[in-house]
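Listed in Swiss-Prot:
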BINDING   206, 207, 208, 209, 210, 211, 212, 213  ATP 1 binding site
BINDING   605, 606, 607, 608, 609, 610, 611, 612  ATP 2 binding site
COILED    391-525  coiled coil
DOMAIN    3-146  domain 'Clp R'
REGION    6-71  region 'Repeat 1'
REGION    83-146  region 'Repeat 2'
REGION    159-340  region 'NBD1'
REGION    341-545  region 'Linker'
REGION    555-765  region 'NBD2'
REGION    766-857  region 'C-terminal'
């Protein structure tokens with residue numbers, strides 16, 4: 001018998017049967033070995049056939065196992081296993097049956113048919129399970145769909161719909177699909193296109209996360225509920241699994257063969273199946289090799305003739321990039337555009353999904369949490385779409401609450417650690433026999449007993465609360481199942497079952513749930529089982545870094561005293577500090593314009609008066625780190641072409657993929673302080689980019705993505721008009737100086753730029769008393785650096801006055817002070833420390849001697 005007369009699946013089964021016989025020390029491969037190999041084969045063609053004939057496959061497999069155990073064993077056969085005469089004659093019978101059926105190849109099911117015809121032990125066993133030649137022959141016809149086996153891969157391609165698609169209508173019947181709320185217009189338009197005579201193929205287009213797949217799931221649910229026109233009743237919606245279609249297609253043409261078998265089966269169904277292709281663009285170019293046809297071209301004839309009812313789904317960008325490039329494919333589809341739902345629609349969607357998420361996480365989701373998820377995600381997450389981003393917030397918040405319920409509460413955990421600590425101490429003291437140790441041990445034993453008593457009480461409360469929560473969950477799960485059963489009964493028209501569920505089981509469960517919820521409403525001391533708006537805000541803050549959670553008392557106090565904190569580092573600039581503090585307070589109190597940055601300021605004034613220092617202090621105040629500031633040195637943007645570095649290079653230029661310096665920094669950290677230093681040195685075209693940022697709080701980068709600046713503080717610094725400040729400082733008040741400076745500034749910057757800045761702040765030149773305060777701050781930093789090396793620095797008033805006097809320069813502000821400290825304090829100190837004059841741990845006193853700074857112990 002030639003092996004190449006068998007299909008590839010059957011050949012693999014024969015190899016498996018040989019391995020099985022060898023492993024069990026059997027001398028011959030018997031028909032039973034091959035039958036077991038066929039049943040155990042991955043993607044076995046025999047199993048679905050037996051299931052169709054109502055055979056208990058597991059029981060048959062165990063009976064075959066018993067037959068294998070009865071076969072004689074021969075040790076030392078050395079891998080030489082041959083076909084038994086029974087199997088040889090069975091193969092000849094298979095060949096005869098295949099020829100009778102006009103098959104070019106012998107397939108696995110022919111072996112089953114031949115085994116029943118055969119008079120051997122395998123045939124007897126199969127007949128015991130109620131299998132007859134007639135029954136098996138009819139089942140084979142049904143599975144093959146009237147086709148002959150003319151291809152060695154015929155078995156792999158058979159029942160392609162079962163292998164390569166997922167039945168959405170079946171999943172809807174089982175209640176596995178989430179409910180679809182709203183989207184009636186889009187579903188109606190999809191049904192309308194499907195009802196056409198030709199080109200009845202809608203393609204659902206929308207941004208990622210707006211609910212394209214949900215529309216098809218909604219269609220599947222409407223079909224099983226008979227809420228569709230007559231033409232669509234009883235149809236099945238199958239989702240094409242592209243992964244399964246491509247996976248394992250090793251040889252050229254194998255992918256096309258699989259797709260062709262799917263299309264052939266769909267054609268046979270005569271329009272009873274609607275094929276859903278998610279990510280439709282993947283079909284264009286799929287399977288394309290040199291000189292071969294891609295999947296998109298294979299679909300075209302079936303789509304044009306109306307043989308294939310297809311619903312596609314893809315994003316706008318991918319539709320433009322792949323589908324529109326192929327006009328022949330594009331014209332066969334009808335577009336159904338899906339827009340992002342409004343916040344109100346999203347709230348309705350979330351209310352519909354609420355029960356599913358409650359059941360999954362075993363927590364309760366409150367209505368304020370749903371409203372907060374929709375509104376906060378809409379405001380603060382700008383690069384994603386509703387309802388997806390709102391659902392994510394609900395899901396993660398519920399997950400965090402569940403995690404807290406499952407893990408030990410913090411109070412219990414702390415007590416447990418304390419008990420362990422006391423037990424270790426008790427163990428150590430029990431080995432000591434002096435009076436002090438015994439006294440301490442007695443106190444310790446008392447404390448340990450008290451802690452263990454507290455722990456036992458708390459643990460009891462925790463277990464009781466957990467039990468109360470799990471009780472409601474079981475009732476909720478039973479109620480959900482009862483509602484699903486009611487739907488099934490309603491579709492089947494089973495009125496008895498419907499009345500039993502609707503008027504008996506469901507009201508009873510609802511009553512139980514109310515009672516359990518009332519018991520649960522007693523104040524929980526350890527566990528939280530409700531997702532509230534506070535949890536949603538917390539999750540959002542973790543995701544984006546934007547503080548939207550309710551302020552604690554400590555934070556309110558901190559914001560009210562913000563000026564004091566800023567004044568500790570920024571000396572003598574009362575107006576600037578007030579302006580910045582007011583902007584931050586407006587933002588945290590929720591009063592600032594949601595469509596503009598938190599604040600945009602132009603800091604003007606001479607060099608070294610604290611313009612940049614105020615930005616650093618603000619970043620430190622908001623984020624506890626100066627590094628949280630996005631600093632852009634505008635002197636780097638003096639040429640016109642350098643503007644592209646801020647927002648990213650346009651398409652076609654080198655660096656297009658990298659994104660812009662400013663836009664990428666803000667995308668990563670939407671809540672930040674942006675410092676545009678020395679802004680007057682930049683090219684005038686840079687200010688055209690800033691207009692959008694200052695007015696609408698948004699900027700489009702080189703790749704067309706909109707970057708949200710609404711949660712940033714934009715601060716620009718400039719030295720313009722500093723000469724006017726120096727000239728008029730003595731004779732004019734603050735308002736007069738500001739007018740003089742703004743006169744110079746308005747000549748340099750365009751009116752539309754200045755008009756968009758919230759506040760232009762003029763900084764005062766620093767006086768002698770300011771420099772002295774700054775000297776104290778700078779010496780405190782030096783003291784901190786020395787303390788890290790175990791030296792204690794002390795400075796007397798005389799030395800401080802001298803440093804302030806040497807470092808004072810009305811033109812250059814506080815910067816000369818830094819140099820004065822370096823030259824008069826740091827340099828001599830460094831020499832003395834290296835020479836070993838001061839030892840670690842010793843105090844260093846700075847005083848004045850002969851008009852110079854002198855360091856002594």
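Placed from the backbone N, Cα and C atoms, the Cβ positions cover glycine too.
Structure with Swiss-Prot features highlighted.
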{"residue": "206", "record": "ATP 1 binding site", "DSSP class": "coil"}
{"residue": "211", "record": "ATP 1 binding site", "DSSP class": "coil"}
{"residue": "605", "record": "ATP 2 binding site", "DSSP class": "coil"}
{"residue": "611", "record": "ATP 2 binding site", "DSSP class": "helix"}
Express the distance between the Cα positions of residue 208 (ATP 1 binding site) and residue 612 (ATP 2 binding site) as a whole number of Å.
41
Output the single range from 6-71, 83-146, 341-545 maximising the number of Cβ pairs under 8 Å to the region 'NBD2' (555-765).
341-545
Taking 212, 611 as the binding-site residues to compare, which has the smallest set of other Cβ atoms within 10 Å?
212
Tell me which residues of the chain lie with their Cβ under 8 angstroms from that of residue 207 (ATP 1 binding site), as long as they are six or more apart in sequence?
315, 316, 340, 385
Measure from the Cα of residue 213 (ATP 1 binding site) to the Cα of every one of the binding-site residues 607, 608, 609, 610, 611, then give the nearest.
611
Under 8 Å Cβ to Cβ from residue 609 (ATP 2 binding site), same chain, six or more residues apart: give me those in sequence order, or none if nothing qualifies.
572, 573, 763, 764, 765, 766, 813, 814
Restricting to the region 'Repeat 2' (83-146), what is the model's mean pLDDT?
81
For residue 605 (ATP 2 binding site), list the number of other Cβ atoms lying within 10 Å of its Cβ atom.
26
To the nearest Å, how far is the Cα of residue 211 (ATP 1 binding site) from the Cα of residue 612 (ATP 2 binding site)?
47
Going by DSSP, how much of the region 'Repeat 2' (83-146) is helix, how much is strand and how much is coil, in residues?
46 helix, 2 strand, 16 coil
Please report the Cα separation of residue 611 (ATP 2 binding site) and residue 209 (ATP 1 binding site) in Å, rounded to an integer.
43
So how many of the residues in the region 'Repeat 1' (6-71) end up helix, strand or coil by DSSP?
47 helix, 3 strand, 16 coil
Pairwise Cα distance for residue 606 (ATP 2 binding site)/residue 212 (ATP 1 binding site) [Å, integer]:
58
Other than 206, 207, 208, 209, 210, 211, 212, 213, which residues of the chain come within 8 Å of the ATP 1 site, judged by Cβ distance to the Cβ centroid of those residues?
315, 338, 385, 388
Can you figure out which of 605, 607, 608, 610, 612 (the binding-site residues) comes closest in space to residue 210 (ATP 1 binding site), comparing Cα atoms?
612
Cα-to-Cα gap, residue 612 (ATP 2 binding site) vs residue 212 (ATP 1 binding site), nearest whole Å:
49
